[in-house]
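Engineer: Under the heading transmembrane segment, TrEMBL lists 34-56, 95-117, 138-156, 176-194, 206-224, 230-247. Annotation source TrEMBL lists domain 'CAAX prenyl protease 2/Lysostaphin resistance protein A-like' at 177-260.
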Amino acid sequence: MISPLTKLWTLCRREIRRVEVQSRHAQAARPEDAIDWTTMGVLTLAALILAILEYYGSSTHWKSLEIFLTPFSDDPAAALSAVFTNREYGRLARLTYWSATTFIGYFVVPALFVKLIMRRNLSDFGMKLSGAMKHWKIYVGLYLVVLPFVIAVAFHPSFQRTYPFYQAADRSLLDFFAWQLVYAAQFFALEFFYRGFLIHGLKNRLGIYALFVSAIPYCMIHFGKPLPETVGAILAGVALGGLSLYTRSIWMGVAIHVSVAMTMDITSLAIQNRLPF
């Protein structure tokens, strides 16, 4: 009887061979002295996006919006301050700024690059919906693997201080679900950038090694978090990237990311008796 691990390893080896063969065929079809503008463009744009988000994408960078309000307001600083330092909803506004800049940087900009510069379909970069649910059992399995660890760490005071990021999520159902929507938007963008744009944009040149190139910046955005979470991001990045290559879709990756994040928030609030429902 073949064990599940043996089946998984056989599947991985078959997928690695498929991606490598595809990569070799793509390179063989390219003139020997041709410059690979696609790979150069994807890597350069990725580096630029990461740099801009580092300096302007944090929830603390909302003051950078002042330049856009100047033509419409006599005192843009005061107008922004009224929104982003509001006692009741200022924190949600700042987190929405973070989510919006992430969405623009990780999704809108690379999507425009794919459509306008590369002249490709977004479905070639993991956005196809057809067949997205075909491999749902794999993602459910991953969620069930992660769930015990989430529950275990949820009892730690530092976890409860951190999650949910929007501490007023317990105030009402509106607060809770508004935050979950904001949170989910950036997870979608993150999955598109790391498991869609980077991996599918580089696979013809780098083959299976596109997974590991993508895992490097994905690990780095976790710097500052606990070491186990940062190291875990490497494993998660490679695993979700491999599934994106296998399924040609990022949607189940989005689903598991959102599901785990929501579970973390609900578990933290439940342990503290702060659930709004």
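Any Cβ shown, glycine's included, is placed from N, Cα and C.
Any TrEMBL annotation is an automated prediction that lacks curation.
Keep in mind that what you see is a predicted model, and the values were worked out from it rather than measured.
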Engineer: For the domain 'CAAX prenyl protease 2/Lysostaphin resistance protein A-like' (177-260), what's the model's average pLDDT?
Structural biologist: 95
Engineer: Run through the domain 'CAAX prenyl protease 2/Lysostaphin resistance protein A-like' (177-260) and tell me, per DSSP, how many residues are helix, strand and coil.
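Structural biologist: Helix, strand, coil within the domain 'CAAX prenyl protease 2/Lysostaphin resistance protein A-like' (177-260): 75 helix, 3 strand, 6 coil.
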